[in-house]
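Enquirer: Quick paste from TrEMBL:
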{"type": "DOMAIN", "residues": "A:17-151", "note": "domain 'Molybdopterin cofactor biosynthesis C (MoaC)'"}
{"type": "BINDING", "residues": "A:Leu76, A:Cys77, A:His78, A:Met114, A:Glu115", "note": "substrate binding site"}
{"type": "ACT_SITE", "residues": "A:Asp129", "note": "active site"}
There are 6 protein chains.
Amino acid sequence: MAEKLTHLDEQGAARIVDIAGKDETVRRAVAGAELHASPAIVEAIFGGALKKGDAVAVARVAGIMAAKKTSELIPLCHPIPVTRITVDIEPVAAPGIIAIRATVETVGRTGVEMEALTAASVTALTLYDMAKALDKSMTITDLRLLSKSGGKSGDFTRQEP
Amino acid sequence: MAEKLTHLDEQGAARIVDIAGKDETVRRAVAGAELHASPAIVEAIFGGALKKGDAVAVARVAGIMAAKKTSELIPLCHPIPVTRITVDIEPVAAPGIIAIRATVETVGRTGVEMEALTAASVTALTLYDMAKALDKSMTITDLRLLSKSGGKSGDFTRQEP
Amino acid sequence: MAEKLTHLDEQGAARIVDIAGKDETVRRAVAGAELHASPAIVEAIFGGALKKGDAVAVARVAGIMAAKKTSELIPLCHPIPVTRITVDIEPVAAPGIIAIRATVETVGRTGVEMEALTAASVTALTLYDMAKALDKSMTITDLRLLSKSGGKSGDFTRQEP
Amino acid sequence: MAEKLTHLDEQGAARIVDIAGKDETVRRAVAGAELHASPAIVEAIFGGALKKGDAVAVARVAGIMAAKKTSELIPLCHPIPVTRITVDIEPVAAPGIIAIRATVETVGRTGVEMEALTAASVTALTLYDMAKALDKSMTITDLRLLSKSGGKSGDFTRQEP
Amino acid sequence: MAEKLTHLDEQGAARIVDIAGKDETVRRAVAGAELHASPAIVEAIFGGALKKGDAVAVARVAGIMAAKKTSELIPLCHPIPVTRITVDIEPVAAPGIIAIRATVETVGRTGVEMEALTAASVTALTLYDMAKALDKSMTITDLRLLSKSGGKSGDFTRQEP
Amino acid sequence: MAEKLTHLDEQGAARIVDIAGKDETVRRAVAGAELHASPAIVEAIFGGALKKGDAVAVARVAGIMAAKKTSELIPLCHPIPVTRITVDIEPVAAPGIIAIRATVETVGRTGVEMEALTAASVTALTLYDMAKALDKSMTITDLRLLSKSGGKSGDFTRQEP
């Protein structure tokens, strides 16, 4: 038997599903993404020993603000009053890769997976924007939900290799 | 010599760079992304022979509307009056993968790479949102600029394997 | 004695009225609108037997997203975290007329009448937009509240002929 | 032969159509709407001889600001830098009816019909919002394009009875 | 020992701080600002004995709507469902000065100081905008929090001379 | 003879004034503001010799993004495609004072004074927000236009003491 998208009704019409009957509980989601650039770009973004610019802060703020805009961007998302947002941006051991991790929490009737994914995505896009004059072939990859907790559907932790 | 981000000034302060002196020309950008899901989800999104729901249209509209919001999301982007936006969403031969392609055009003083990337990203996130009750481990990958044309910096076509 | 608008104070100054003392209860509103077009346009929007495009889905998504923007559009509306939105778009028996019905629910301190009316209005405007190259003389009419429930002011059901 | 919506491509996919090749010319659109209320509500909105509140100004500002948001609300609208917006709100001879007229102009590549219709619609909805505690059965009718000029498709003036 | 900004973590990274554990209580904030103009401008804004325009109402609506946009403007603010907003605009005894006072309330987990300050600021800027063709040297000054109440950090009342 | 606000018509109705006939020229505006805090807060914001956080970058990004939102905030402002935005934030010689300066440019039919003032205002409010847990009695003052150039009304440079 075929699986069905919850966001469409029996006739296939899109809708924002009813959550009035769900409990207001603390819900958390963590999402990640990677920007594959080059060592020179990672250096340009994070700066060297002596001078550091706004680049990382700009990308972080962009992600935080985007999380608050999620229900304006994703048509069938409920508006959610988030209670906490953090965005981490770090170079990883593999040269030329920047790892992004966004954590969002709410006390509400539905989860914040899309808020965390939107934050990670816009953070990565903002880094791309600032560095694109140096290299247009950067790639954003592994935009994914790392974990979620809270709510009746149970906790989720992504199995990473 | 180290490369420098154009979006930061000599002191590292973020800014929206001056484009007043650039020509108003037709500029185009094409961006792509992939959603790695499962064959069952691809089937749920695209529907079978007899019935088709709103899923693909919802994701396409989300991408189109997001392209128009780019300068609200990416802090250092100029506001750009886009003149054309299309978003294609197709299952690809490899089972369980959906390919997204967004094309944006403007007649303006700067390019629309970020608009195309934002459209592709939000289209993919919207598909994720509609299917996440079935599978939270879907991944968005290969969010990348495929080509751009117009403007003084010259044309760009990504070399894909 | 003259009636007075609740949204203005004694001096006539506009304000967002105090709802802190009202109970958080489930509230629902249903609004309707009609687009008077022509049989050819209704056919163009809903498609024929063999092919169906995005038109109805685009209008539905527009209505759903507009409902979430209501407090940005209507100056004295409270921001409300809606818990459910549906938009129905159907041709009616009379040839050339499309009926729109929007249902919005919340668990909150005030009603969602304006959210339902805004959704119906923007759904109709979006249909108009897509068909206006064929006919600019279409009219949107009967934009009205059909019913509301929840809250201390009691239920309302419009008496339709 | 069936007519076709310009906003959908051959496969029925929604898109923002290409306007890069169109000329930048002065374009104007005028839209109207009516709010059918009651004499008491018209009196409450427009005030009596001695005192006048913010009601009409609030509705006018709402319409003006909504016109600027049109491309955020109507998914397939191009963003347009409007150069003029006016909104008139007047009681009409028939008791209990308020007539709204919105005029929008731009110097651009496409028309501002949707901007004028959106302004008229949100103006009427804002009046409804301020008066709805007195009467929920008010109706918005005759939301329609009165005229447009500018652009290659020629001028349009609605034939009113 | 140096004081530390609560909105930055130990590494100096910006974040939206966790408020999930705080109680939902009634919170109120009052902010003020002054526009220093000239007697002629104050007259132009408030009008004379016989005719009064929309100026004050437009500025008031702008402030009210801006309060609802606070979390979109101030990056690290939580989104807050406000339950009441009022904006007062009055000429003061000193000739050429207009005093603005904004009051915002919510039932929520954090205060509305920024909402009140944003409302006062945008109200003043809107007055400036409408009068700037007459005088560009007007100044906005004394934008400040007058009082707040509710929440665990205690009440605050500004000591004014 | 009384002066008149250009943004109101003969009947006092607010409007967005017609700029279709004005030339598209390079226009620039510079605005300033001051945040009066305390030496401890200035130290907390700008950091010491060894560690620097995101505070200044966050405030700068907020100001830049707010400039792009000006026509959404100030009801009678035209939407303007800005071509350059910079925001400077510096401690001044007088202890406990932070000076903000915002520069905005466009190639357009009307000036960007309100964009520069909005940027300066939101930058100051964002600094206030981040430091308000330390001191709620900070004041924003001297929000003013420093200069403008371009356009038919001529250049303006504020006479400062």
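Please read every residue number as a count from 1 along the shown chain.
From the backbone N, Cα and C atoms, a Cβ is placed for every residue, glycine too.
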Enquirer: Largest pairwise Cα distance, Å, within the listed substrate binders A:Leu76, A:Cys77, A:His78, A:Met114, A:Glu115?
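Expert: That value is 13 Å for the farthest Cα pair.
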Enquirer: How many helix, strand and coil residues does the domain 'Molybdopterin cofactor biosynthesis C (MoaC)' (A:17-151) contain under DSSP?
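Expert: Residue counts in helix, strand and coil order: 45 helix, 45 strand, 45 coil.
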Enquirer: Could you please provide the mean pLDDT value for the domain 'Molybdopterin cofactor biosynthesis C (MoaC)' (A:17-151)?
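Expert: The predicted confidence over the domain 'Molybdopterin cofactor biosynthesis C (MoaC)' (A:17-151), as a mean pLDDT, is 94.
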Enquirer: Let me make sure I understand the structure: which of the binding-site residues listed (A:Cys77, A:Met114) has the fewest other Cβ atoms within 10 A of its Cβ?
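Expert: Sparsest of the binding-site residues A:Cys77, A:Met114 by Cβ contacts within 10 Å: A:Cys77.
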Enquirer: Tell me the Cβ neighbour count for A:Glu115 (substrate binding site), meaning other Cβ atoms within 10 Å of its Cβ, over all protein chains shown.
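Expert: Taking all protein chains shown, A:Glu115 (substrate binding site) has 28 Cβ neighbours within 10 Å.
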Enquirer: Could you state the whole-number distance in Å separating the C-alpha atoms of A:Met114 (substrate binding site) and the residue listed as 'active site'?
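Expert: Spelling it out, the Cα of A:Met114 (substrate binding site) and the Cα of the residue listed as 'active site' are 22 Å apart.
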Enquirer: Measuring Cα to Cα, how far is the residue listed as 'active site' from A:Glu115 (substrate binding site) in Å?
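Expert: The separation of the Cα atoms works out to 21 Å.
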Enquirer: What is the number of other Cβ atoms found within 10 Å of the Cβ of A:Leu76 (substrate binding site)?
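Expert: Taking every protein chain into account, the count is 25.
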Enquirer: For A:His78 (substrate binding site), what residues in its own chain, 6 or more apart in sequence, show a Cβ-Cβ distance under 8 Å?
Expert: A:Ile16, A:Ile19, A:Ser71, A:Arg109, A:Thr110
Enquirer: What subset of the binding-site residues A:Cys77, A:His78, A:Glu115 has a Cβ sitting under 8 Å from a Cβ of chain B?
Expert: A:Cys77
Enquirer: Can you list which of the recorded positions A:His78, A:Met114, A:Glu115, A:Asp129 come closer than 8 Å to chain C, going by CB to CB distance?
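Expert: Near chain C, the qualifying recorded positions are A:His78.
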